[in-house]
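The domain 'RNA polymerase sigma-70 region 2' annotation in TrEMBL covers 15-81. What TrEMBL lists as region 'Disordered' is 84-115. Annotated compositional bias 'Basic and acidic residues' per TrEMBL: 86-95, in sequence order. Residues or ranges marked as domain 'RNA polymerase sigma factor 70 region 4 type 2' by TrEMBL: 124-176.
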Amino acid sequence: MLRYQNGDRAAFAQLVRRHQGPLYNFALRQVRIGQVAEDVVQEAFVRVVQNATDFKHEARFTTWVYTITRNLCIDQLRKRALRKHPSLDESKSDDGGDGPTLGEQTADPRASVERDATGIELKERILRAVDTLPDEQREVFLMREVSNLPFKEIAEITGVPENTVKSRMRYALERLQEALSEYEDYARALR
């Protein structure tokens, strides 16, 4: 960011390349619509450009850009909540994933059809379980598990104490464990 503030335009492109994917994944899991997540990330980078001179390096760039993205996601969710009808753009299958599915990651290539089906079912169940978490818990869970952010940075982004972030994570994990308890034997078999 310092290089960009000093006039190095290529530095901004590097920032975009480094952060665009993780920010998109974070936004997608917040707003749950691929196109809206893309718009949020694009707007976040527009705000980075607009406010580059205000960035004082007191916090990490990652913290700053995640805070911007989080606030834009909250704005989008508020706008959607005000609508009386569901968005026509929203698709339950719009997960934006380019990587392998959880079933592909965990299934043995020689696995039975039943095991493959269980892996696919488990992935869908995990996504549904994460979607049912309260907003504060889901936000912390995604920042920690998907974006791999430390608790301290999540606290800075969300503006709550670090212990509150840890509590939200613990509650999220407890809810997910309860929601996915029927898959305990399946998980043990994969170890």
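Every residue, even glycine, has its Cβ placed from backbone N, Cα and C.
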For the domain 'RNA polymerase sigma-70 region 2' (15-81), the number of residues DSSP places in helix, strand and coil: 58 helix, 0 strand, 9 coil
Taken over the domain 'RNA polymerase sigma-70 region 2' (15-81), the model's mean pLDDT: 91
